There are 2 protein chains.
Amino acid sequence: MGEVGEEAILAAIFPLLPAGAATLLGPGDDAAVVAAPDARFVVSTDVLVEDRHFRRAWSTGYDVGWRAAVQNLADVAAMGATPTSLVVSLVVPSDLPVAFVTGLARGLAAACEPVGAAVVGGDLSGAEQVVVAVTVHGDLDGRDPVTRAGARPGDVVAHAGRRGWSAAGLALATAGRASCALPAAEQDPLTAAYLRPDPPLGAGVAAALAGATSMLDVSDGLLRDAGRVARASDVRIDLDLASFAADAAALVGAARDLRSGPVRALVDEWILTGGEDHGLLATFGPDAVLPEGFRVVGTVLASDGAPRVTVNGSAPAVAGTGWDHFGGSSR
Amino acid sequence: MGEVGEEAILAAIFPLLPAGAATLLGPGDDAAVVAAPDARFVVSTDVLVEDRHFRRAWSTGYDVGWRAAVQNLADVAAMGATPTSLVVSLVVPSDLPVAFVTGLARGLAAACEPVGAAVVGGDLSGAEQVVVAVTVHGDLDGRDPVTRAGARPGDVVAHAGRRGWSAAGLALATAGRASCALPAAEQDPLTAAYLRPDPPLGAGVAAALAGATSMLDVSDGLLRDAGRVARASDVRIDLDLASFAADAAALVGAARDLRSGPVRALVDEWILTGGEDHGLLATFGPDAVLPEGFRVVGTVLASDGAPRVTVNGSAPAVAGTGWDHFGGSSR
């Protein structure tokens, strides 16, 4: 990177980045101009830091770009909005191969194109570690945003996407048992889910249209994120662990690979506290027809103090409640 | 930082951050919602990296927050737009004092409040170095954006703000002659200009209303940034060095402090290649009435090949042309 220079690198990256229907003025000026037909826009920012959120030994540039985009796109989806555009601040060490950065641009593009989001701007600088800070924008198309604060007693709790796959993939990688070194198409599903989470982004708008009363992107673990909805809405959320049987079936092999003896506790921990799958947790009125991709995973109850989140009626028995981005895992 | 935890730190920061008239849903959900009455928004992102753009030995958290906001606000101003909102991705080492982060929030707030911009979201994570990635949004109020591409032969070139002050302050700091260690109110003007650049942000909208044909934020040095306008507009820009006499007068003392013998070349280098003052360089039709704060600094000529930028009719004699954010100074 250091030998190539900023402008040459940007010139190599820009052609790789997707344009979008909302882009009125793309990269290259002091700022971009993006259409906001709704006269409002949704905005969120999320950062990935090398050796904290990913390791270059496991993740390619493509993987990091994909993940940086998806974790941001999921935040827009969780408001019930349609993503329109991203900007990317990228800092990289001077000895980073240029191919990592062009791969990162390809990963961003691959995640953005299916949802119609453009990369409209960026900044590039040097540092000791790779840091990818993405800001994402979305359009609400006249709808109210779906916040965390609207869950009501009697609502059903529903989830779209995978639970625990990313955590299991990370556990495999940490144990040296993941297939990170293989080409993407040959990686096992849990490794792939960790490296390139692939949540059902379209389910966000579908949930809004179906009348979701609250919604969030499960990025820090189900218990922790369900707790955020419960606090913001002043309710209790009771989760039905059996509703994640399909995830448990997908995870049990990895658990057996990592632990001799009973593995149920480890599988449950991945499901309840694993982060980074970026599935959508939403609540719906009792008569709502759930959109495709959502399954009922619990019930909203009146608040009766702590605990805010219960599992099959009881305080959760797992060791931790999820990921602290600053202090690391709270486990 | 490491002992306090992400949520406690965010809880300490949020009350320090300014709200704004455009904020429809502020921090705390998956995404914020910002008004875009123009049905378009302007967006730009810029990053500050410790030991590349600032040193903690010289800059307080307040200084870094101020500068991170201002360099972004200037990009919106340079499009002729009014800033509405910022989001901030902050990564910090675990041994960073919490006071640095709360100071950073205060610096962001102090820079945003006068222009009515809100901080509507953020992300916080750990890393080896402090990295502050800001994304800024603005509203065009029905006007066309002022790009770099509209300068026409016969236009006047005008500049609002300081030239070379930040570079001189950096040179003083590098030589151990700056007053970084003093309270802000007691610092010399060049040190203060380096630590907390204070460009005339309101001049951007004023320039747009006065019919500016092109505009940019001079962040990488006058020669380099004028070259960007000249290339985008396919013109030549001839600068009149004497028009920066007031800046030269303010800089000559620092030059004498750093160099024995003639100092004119050093002063000219600061004026022509110094970055980070974030003044606005704009072009106007020959009959335009320049808005307050702008002074004529050159002329737009028909393109006749290289050089794109001349100084008093000749290719510039200074050693470098400005700052490469990735490779470092090109000097």
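Heads up, the Cβ atoms here are built off N, Cα and C, so glycines get one too.
Residues or ranges marked as Mg(2+) 4 binding site by TrEMBL: A:D30, A:S44, A:D75. Following the DSSP three-state reduction, the secondary structure of A:D30 (Mg(2+) 4 binding site) is coil.
Just so you know, the Cβ of A:D217 (Mg(2+) 3 binding site) picks up 29 other Cβ atoms within 10 Å once every protein chain is counted. Annotation comment: TrEMBL describes A:D30, A:D75, A:D217 as Mg(2+) 3 binding site.
Following the DSSP three-state reduction, the secondary structure of A:T45 (Mg(2+) 1 binding site) is strand. What TrEMBL records for A:T45, A:D46, A:D123 is Mg(2+) 1 binding site.
The Mg(2+) 2 binding site feature in TrEMBL is assigned to A:D46, A:D75.
A:E276 (substrate binding site) counts 22 other C-beta atoms within 10 Å of its own C-beta, drawing on all protein chains shown. The substrate binding site annotation in TrEMBL covers A:H53, A:E276, A:W323.
Positions annotated as ATP binding site by TrEMBL: A:G122, A:D123, A:R148, A:S219. Annotation for A:G122 (ATP binding site): spatial neighbours A:L10, A:I13, A:P27, A:V87, A:V88, A:S89, A:L90, criterion Cβ-Cβ under 8 Å with sequence separation of six or more. Secondary structure at A:G122 (ATP binding site), taken from DSSP and collapsed to helix, strand or coil, is strand.
Taking all protein chains in view, 22 other C-beta atoms sit within 10 angstroms of the C-beta of A:D220 (Mg(2+) 5 binding site). According to DSSP, A:D220 (Mg(2+) 5 binding site) sits in a coil region rather than a helix or strand. Summarising the annotation, TrEMBL assigns Mg(2+) 5 binding site to A:D220.
The domain 'PurM-like N-terminal' annotation in TrEMBL covers A:28-138.
A:T45 (Mg(2+) 1 binding site) counts 28 other C-beta atoms within 10 Å of its own C-beta, drawing on all protein chains shown. Looking at A:T45 (Mg(2+) 1 binding site) and A:H53 (substrate binding site), their Cα atoms lie 15 Å from each other. A:E276 (substrate binding site) has A:D217, A:S219, A:D220 nearby among the binding-site residues A:D75, A:D217, A:S219, A:D220, counting only those with a Cα within 10 angstroms of its own Cα. Note: none of the binding-site residues A:S219, A:D220, A:E276 has a C-beta at a distance under 8 Å from a chain B C-beta. Within the model, the domain 'PurM-like N-terminal' (A:28-138) carries an average pLDDT of 97.
Here the Cβ of A:H53 (substrate binding site) has 23 other Cβ atoms within 10 Å, regardless of which shown protein chain they belong to.
A distance of 11 Å separates the Cα atom of A:D30 (Mg(2+) 4 binding site) from that of A:D123 (Mg(2+) 1 binding site). The sparsest Cβ neighbourhood within 10 Å, among the listed binding-site residues (A:D30, A:D46, A:D75, A:D123), is found at A:D123. Neighbours of A:S44 (Mg(2+) 4 binding site), defined as other CB atoms within 10 A of its CB across all chains, total 30.
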